[in-house]
Amino acid sequence: MGGARLLVIAALLFHHLLCCSATSMRICAFNIQRFGETKAAKSSVMSTLVKILLRYDICLLQEIQDIKEKTIPRLVEELNRSHKSELFQYLSSEPLGRSSYLEKYVFIYRSDKAKVLDSYIYEDNHPTSVDVFAREPYIVRFSLPTTAIKDLVLVPQHTTPSDAVKEIDALYDVFLDIQKRWNAQSIIFLGDFNAGCDYVAKKNWPLIRLRMEPGFHWLIGDDADTTVKKNRSCAYDRIVVYGEKCYKAVIPGSAGIFDFLNKFGLLEIEGLEISDHYPVEVELSRAKSLMLQNWLFILVALVSAFSLGCFELTIQTR
(Lines of atoms letter the chains of each structure in order from A and count residues from 1; the text may use other names and numbers.)
(Lines give C-alpha, C1' and ligand atoms only; values in the text may rest on other atoms or scores of the structure.)
Protein backbone atom coordinates (compact mmCIF):
# COMPACT_ATOMS: atom_id res chain seq x y z
CA MET A 1 0.00 0.00 0.00
CA GLY A 2 2.84 2.37 0.96
CA GLY A 3 4.54 1.69 -2.36
CA ALA A 4 1.40 2.60 -4.29
CA ARG A 5 1.04 5.83 -2.33
CA LEU A 6 4.67 6.64 -2.98
CA LEU A 7 4.16 6.16 -6.72
CA VAL A 8 1.16 8.51 -6.69
CA ILE A 9 3.08 11.19 -4.80
CA ALA A 10 6.10 10.78 -7.10
CA ALA A 11 3.84 11.17 -10.14
CA LEU A 12 2.31 14.34 -8.68
CA LEU A 13 5.75 15.75 -7.94
CA PHE A 14 6.95 15.00 -11.46
CA HIS A 15 3.84 16.59 -13.00
CA HIS A 16 4.19 19.69 -10.83
CA LEU A 17 7.86 20.16 -11.62
CA LEU A 18 7.24 19.59 -15.32
CA CYS A 19 4.53 22.25 -15.39
CA CYS A 20 6.38 24.78 -13.28
CA SER A 21 9.83 24.36 -14.83
CA ALA A 22 8.54 25.98 -18.01
CA THR A 23 7.72 29.31 -16.39
CA SER A 24 10.76 31.15 -17.79
CA MET A 25 10.03 33.40 -20.76
CA ARG A 26 11.72 32.79 -24.11
CA ILE A 27 11.46 35.72 -26.52
CA CYS A 28 12.56 35.93 -30.14
CA ALA A 29 12.75 38.22 -33.14
CA PHE A 30 12.52 36.60 -36.56
CA ASN A 31 12.60 38.20 -39.99
CA ILE A 32 10.70 35.61 -42.04
CA GLN A 33 11.55 37.36 -45.35
CA ARG A 34 8.44 38.42 -47.23
CA PHE A 35 6.02 36.11 -45.50
CA GLY A 36 2.75 36.14 -47.40
CA GLU A 37 0.36 33.81 -49.17
CA THR A 38 2.96 32.37 -51.56
CA LYS A 39 5.31 31.28 -48.80
CA ALA A 40 2.47 30.15 -46.52
CA ALA A 41 1.22 27.85 -49.29
CA LYS A 42 4.38 25.73 -49.01
CA SER A 43 3.68 22.96 -46.50
CA SER A 44 7.37 22.33 -45.77
CA VAL A 45 7.87 26.00 -44.92
CA MET A 46 4.84 26.13 -42.64
CA SER A 47 5.85 22.91 -40.92
CA THR A 48 9.32 24.22 -40.11
CA LEU A 49 7.99 27.62 -39.05
CA VAL A 50 5.65 25.94 -36.59
CA LYS A 51 8.52 23.91 -35.13
CA ILE A 52 10.58 27.07 -34.74
CA LEU A 53 7.81 29.16 -33.18
CA LEU A 54 6.80 26.46 -30.71
CA ARG A 55 10.10 27.23 -28.94
CA TYR A 56 8.92 30.69 -27.93
CA ASP A 57 6.53 32.35 -25.51
CA ILE A 58 6.66 35.63 -27.44
CA CYS A 59 8.05 36.03 -30.93
CA LEU A 60 8.28 39.16 -33.04
CA LEU A 61 7.83 38.41 -36.73
CA GLN A 62 9.00 40.86 -39.39
CA GLU A 63 8.52 41.27 -43.14
CA ILE A 64 4.93 40.11 -42.81
CA GLN A 65 3.03 40.82 -46.04
CA ASP A 66 -0.33 39.46 -45.02
CA ILE A 67 -2.42 41.64 -47.33
CA LYS A 68 -5.62 39.61 -47.05
CA GLU A 69 -5.00 38.90 -43.34
CA LYS A 70 -5.09 35.14 -43.85
CA THR A 71 -1.53 33.90 -43.44
CA ILE A 72 -0.92 34.87 -39.80
CA PRO A 73 -4.28 33.48 -38.59
CA ARG A 74 -3.44 30.27 -40.44
CA LEU A 75 0.03 30.14 -38.87
CA VAL A 76 -1.42 30.64 -35.38
CA GLU A 77 -4.03 27.97 -36.08
CA GLU A 78 -1.24 25.55 -37.04
CA LEU A 79 0.65 26.42 -33.86
CA ASN A 80 -2.38 25.73 -31.70
CA ARG A 81 -3.07 22.48 -33.54
CA SER A 82 0.50 21.30 -32.99
CA HIS A 83 0.45 22.38 -29.35
CA LYS A 84 -3.02 20.83 -28.90
CA SER A 85 -4.28 24.00 -27.27
CA GLU A 86 -5.69 27.43 -27.99
CA LEU A 87 -2.90 29.21 -26.15
CA PHE A 88 -1.21 31.02 -29.04
CA GLN A 89 -2.59 34.42 -30.00
CA TYR A 90 -1.22 37.28 -32.05
CA LEU A 91 -1.11 41.05 -32.25
CA SER A 92 -0.41 42.84 -35.52
CA SER A 93 0.47 46.36 -36.56
CA GLU A 94 -1.10 48.03 -39.54
CA PRO A 95 0.90 47.80 -42.80
CA LEU A 96 3.89 50.13 -42.50
CA GLY A 97 6.11 51.71 -45.13
CA ARG A 98 6.73 54.75 -47.29
CA SER A 99 5.68 53.33 -50.65
CA SER A 100 3.62 50.50 -52.08
CA TYR A 101 5.99 48.09 -50.34
CA LEU A 102 4.49 47.55 -46.89
CA GLU A 103 5.24 45.26 -43.97
CA LYS A 104 3.62 44.43 -40.66
CA TYR A 105 5.12 43.73 -37.29
CA VAL A 106 3.41 40.72 -35.69
CA PHE A 107 3.78 39.41 -32.15
CA ILE A 108 2.77 35.79 -31.59
CA TYR A 109 2.53 34.96 -27.90
CA ARG A 110 1.31 32.36 -25.43
CA SER A 111 -1.76 33.73 -23.70
CA ASP A 112 -1.12 31.69 -20.53
CA LYS A 113 2.23 33.42 -20.02
CA ALA A 114 1.76 36.89 -21.50
CA LYS A 115 -1.06 39.43 -21.53
CA VAL A 116 -1.16 42.53 -23.72
CA LEU A 117 -1.57 45.66 -21.60
CA ASP A 118 -1.23 48.35 -24.27
CA SER A 119 0.28 49.11 -27.66
CA TYR A 120 0.90 52.00 -30.02
CA ILE A 121 2.76 52.92 -33.20
CA TYR A 122 5.48 55.48 -32.57
CA GLU A 123 4.66 58.90 -33.98
CA ASP A 124 7.66 59.57 -36.18
CA ASN A 125 8.34 63.26 -35.56
CA HIS A 126 12.10 63.33 -35.18
CA PRO A 127 13.55 66.73 -34.11
CA THR A 128 15.86 67.02 -37.12
CA SER A 129 14.08 64.94 -39.75
CA VAL A 130 10.45 63.94 -40.08
CA ASP A 131 9.84 60.28 -40.92
CA VAL A 132 13.15 58.81 -39.81
CA PHE A 133 11.73 55.29 -39.78
CA ALA A 134 10.56 53.55 -42.93
CA ARG A 135 8.59 51.26 -40.61
CA GLU A 136 7.82 52.94 -37.30
CA PRO A 137 8.15 50.75 -34.19
CA TYR A 138 4.94 49.06 -33.06
CA ILE A 139 5.45 49.17 -29.31
CA VAL A 140 3.71 46.59 -27.13
CA ARG A 141 3.50 46.45 -23.35
CA PHE A 142 3.10 42.96 -21.89
CA SER A 143 2.22 41.64 -18.46
CA LEU A 144 4.32 38.55 -17.67
CA PRO A 145 2.93 37.10 -14.42
CA THR A 146 5.13 33.99 -14.34
CA THR A 147 8.50 35.65 -14.91
CA ALA A 148 10.88 37.83 -12.91
CA ILE A 149 9.80 40.84 -15.01
CA LYS A 150 6.11 41.44 -14.53
CA ASP A 151 5.83 44.44 -16.89
CA LEU A 152 7.83 44.39 -20.12
CA VAL A 153 7.83 46.68 -23.16
CA LEU A 154 8.93 45.25 -26.52
CA VAL A 155 10.08 47.61 -29.27
CA PRO A 156 10.43 46.04 -32.72
CA GLN A 157 12.45 47.57 -35.51
CA HIS A 158 13.21 46.49 -39.05
CA THR A 159 15.45 49.18 -40.48
CA THR A 160 16.02 50.18 -44.07
CA PRO A 161 19.60 48.99 -44.74
CA SER A 162 20.83 52.28 -46.20
CA ASP A 163 19.40 54.19 -43.20
CA ALA A 164 20.33 51.67 -40.51
CA VAL A 165 22.63 54.00 -38.56
CA LYS A 166 20.06 56.80 -38.48
CA GLU A 167 17.15 54.50 -37.58
CA ILE A 168 18.99 52.63 -34.81
CA ASP A 169 20.09 55.95 -33.33
CA ALA A 170 16.49 57.22 -33.45
CA LEU A 171 15.40 54.27 -31.31
CA TYR A 172 16.76 56.34 -28.43
CA ASP A 173 14.04 58.91 -29.15
CA VAL A 174 11.54 56.04 -29.08
CA PHE A 175 12.96 55.10 -25.68
CA LEU A 176 12.40 58.65 -24.39
CA ASP A 177 8.84 58.58 -25.71
CA ILE A 178 8.13 55.28 -23.93
CA GLN A 179 9.56 56.69 -20.70
CA LYS A 180 7.34 59.75 -20.99
CA ARG A 181 4.26 57.66 -21.72
CA TRP A 182 4.70 54.67 -19.38
CA ASN A 183 7.83 55.31 -17.28
CA ALA A 184 8.83 51.77 -18.23
CA GLN A 185 11.73 50.23 -16.32
CA SER A 186 12.12 47.09 -18.45
CA ILE A 187 12.36 47.46 -22.23
CA ILE A 188 13.67 45.17 -24.97
CA PHE A 189 14.48 46.51 -28.44
CA LEU A 190 14.62 43.70 -30.97
CA GLY A 191 14.52 42.96 -34.66
CA ASP A 192 16.42 43.12 -37.91
CA PHE A 193 18.42 46.29 -37.31
CA ASN A 194 20.70 45.59 -40.31
CA ALA A 195 23.34 46.37 -37.68
CA GLY A 196 26.39 44.91 -39.35
CA CYS A 197 28.61 44.49 -42.40
CA ASP A 198 28.31 47.40 -44.85
CA TYR A 199 25.27 48.98 -43.20
CA VAL A 200 26.75 49.73 -39.76
CA ALA A 201 30.53 49.93 -39.70
CA LYS A 202 32.70 50.11 -36.59
CA LYS A 203 33.18 53.85 -37.11
CA ASN A 204 29.38 54.38 -37.00
CA TRP A 205 28.77 53.07 -33.47
CA PRO A 206 29.77 56.33 -31.68
CA LEU A 207 26.94 58.01 -33.63
CA ILE A 208 24.31 55.65 -32.20
CA ARG A 209 22.89 56.73 -28.84
CA LEU A 210 21.23 53.37 -28.22
CA ARG A 211 24.75 51.96 -28.20
CA MET A 212 26.60 54.75 -26.40
CA GLU A 213 24.16 55.84 -23.68
CA PRO A 214 24.41 53.96 -20.35
CA GLY A 215 21.82 51.38 -19.36
CA PHE A 216 21.45 49.60 -22.71
CA HIS A 217 22.79 46.04 -22.95
CA TRP A 218 23.39 44.60 -26.43
CA LEU A 219 22.91 40.85 -26.03
CA ILE A 220 23.76 39.81 -29.61
CA GLY A 221 27.38 40.72 -30.28
CA ASP A 222 28.90 42.38 -33.33
CA ASP A 223 30.67 39.13 -34.21
CA ALA A 224 27.44 37.11 -34.38
CA ASP A 225 26.13 35.76 -37.68
CA THR A 226 22.35 36.00 -37.93
CA THR A 227 22.21 35.15 -41.64
CA VAL A 228 21.45 31.78 -43.20
CA LYS A 229 23.74 32.09 -46.23
CA LYS A 230 27.09 30.47 -45.55
CA ASN A 231 28.99 32.95 -47.73
CA ARG A 232 27.82 35.84 -45.54
CA SER A 233 28.45 36.60 -41.87
CA CYS A 234 26.62 39.64 -40.52
CA ALA A 235 25.12 40.58 -37.15
CA TYR A 236 22.00 42.12 -38.64
CA ASP A 237 19.49 40.98 -36.01
CA ARG A 238 19.85 42.26 -32.46
CA ILE A 239 18.34 42.22 -28.98
CA VAL A 240 18.97 45.21 -26.71
CA VAL A 241 17.83 45.24 -23.09
CA TYR A 242 17.20 48.37 -21.04
CA GLY A 243 16.81 48.34 -17.25
CA GLU A 244 19.00 46.65 -14.66
CA LYS A 245 16.16 44.50 -13.33
CA CYS A 246 15.42 43.29 -16.86
CA TYR A 247 19.10 42.67 -17.56
CA LYS A 248 19.49 40.69 -14.33
CA ALA A 249 16.46 38.60 -15.31
CA VAL A 250 18.22 37.43 -18.49
CA ILE A 251 19.30 33.82 -18.02
CA PRO A 252 23.09 33.74 -18.58
CA GLY A 253 24.01 32.25 -21.94
CA SER A 254 20.42 32.27 -23.23
CA ALA A 255 20.84 35.11 -25.74
CA GLY A 256 21.88 33.96 -29.17
CA ILE A 257 20.92 32.70 -32.60
CA PHE A 258 18.68 29.71 -33.21
CA ASP A 259 20.33 27.81 -36.06
CA PHE A 260 17.33 25.96 -37.47
CA LEU A 261 19.42 24.49 -40.29
CA ASN A 262 21.51 22.44 -37.89
CA LYS A 263 18.64 21.80 -35.49
CA PHE A 264 16.36 20.32 -38.14
CA GLY A 265 19.02 18.95 -40.50
CA LEU A 266 18.18 21.26 -43.40
CA LEU A 267 20.31 22.14 -46.39
CA GLU A 268 21.06 25.81 -46.96
CA ILE A 269 18.73 25.90 -49.97
CA GLU A 270 15.94 24.45 -47.81
CA GLY A 271 16.59 26.98 -45.06
CA LEU A 272 16.44 29.87 -47.51
CA GLU A 273 12.93 28.77 -48.44
CA ILE A 274 12.00 29.81 -44.90
CA SER A 275 14.17 32.91 -44.48
CA ASP A 276 17.60 34.36 -45.06
CA HIS A 277 17.73 35.22 -41.33
CA TYR A 278 17.97 33.11 -38.20
CA PRO A 279 15.80 34.00 -35.21
CA VAL A 280 17.58 35.75 -32.36
CA GLU A 281 16.40 34.82 -28.88
CA VAL A 282 16.73 35.45 -25.17
CA GLU A 283 15.25 33.87 -22.07
CA LEU A 284 14.06 35.64 -18.92
CA SER A 285 14.04 33.84 -15.59
CA ARG A 286 10.86 32.76 -13.86
CA ALA A 287 9.38 34.55 -10.87
CA LYS A 288 11.05 33.81 -7.53
CA SER A 289 7.62 33.34 -5.96
CA LEU A 290 7.03 30.38 -8.29
CA MET A 291 10.38 28.87 -7.33
CA LEU A 292 9.37 29.16 -3.67
CA GLN A 293 6.00 27.56 -4.45
CA ASN A 294 7.84 24.65 -6.08
CA TRP A 295 9.93 23.99 -2.99
CA LEU A 296 6.93 24.35 -0.67
CA PHE A 297 5.01 21.85 -2.79
CA ILE A 298 7.90 19.39 -2.59
CA LEU A 299 8.19 19.87 1.17
CA VAL A 300 4.46 19.30 1.71
CA ALA A 301 4.55 16.22 -0.54
CA LEU A 302 7.46 14.73 1.37
CA VAL A 303 5.83 15.41 4.75
CA SER A 304 2.65 13.77 3.45
CA ALA A 305 4.63 10.78 2.26
CA PHE A 306 6.14 10.25 5.68
CA SER A 307 2.81 10.73 7.46
CA LEU A 308 1.15 8.18 5.15
CA GLY A 309 3.84 5.65 5.92
CA CYS A 310 5.32 5.63 2.45
CA PHE A 311 8.79 5.73 3.97
CA GLU A 312 10.01 3.81 6.97
CA LEU A 313 12.75 5.03 9.24
CA THR A 314 14.58 2.08 10.79
CA ILE A 315 16.78 2.64 13.79
CA GLN A 316 19.09 -0.21 14.70
CA THR A 317 20.34 -0.52 18.24
CA ARG A 318 22.99 -2.75 19.63
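Residue positions begin at 1 at the first shown residue.
Including glycine, each Cβ sits where the backbone N, Cα and C put it.
Fair warning: this is a prediction, and the values are worked out from it, not measured in the lab.
What TrEMBL lists as active site is GLU103, HIS158. If you look up TrEMBL, you'll see CYS197-CYS234 marked as disulfide bond. According to TrEMBL, the domain 'Endonuclease/exonuclease/phosphatase' annotation covers 29-277. Per TrEMBL, the feature signal peptide maps to 1-22. Residues annotated as transmembrane segment in TrEMBL: 295-315.
Feature annotations (TrEMBL) mapped to structure.
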residue: GLU103; record: active site; Cβ neighbours (10 Å): 21
residue: HIS158; record: active site; Cβ neighbours (10 Å): 24
residue: CYS197; record: disulfide bond; Cβ neighbours (10 Å): 15
residue: CYS234; record: disulfide bond; Cβ neighbours (10 Å): 19
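DSSP assigns HIS158 (active site) to coil in the three-state reduction, placing it in neither a helix nor a strand.
Each residue in the domain 'Endonuclease/exonuclease/phosphatase' (29-277) has a pLDDT score, and their mean in this model is 97. HIS158 (active site) sits 9 Å from GLU103 (active site), counting Cα to Cα. In this structure the C-alpha atoms belonging to CYS197 (disulfide bond) and GLU103 (active site) are separated by 23 Å. On the backbone, the CA of GLU103 (active site) and the CA of CYS234 (disulfide bond) stand 22 Å apart.
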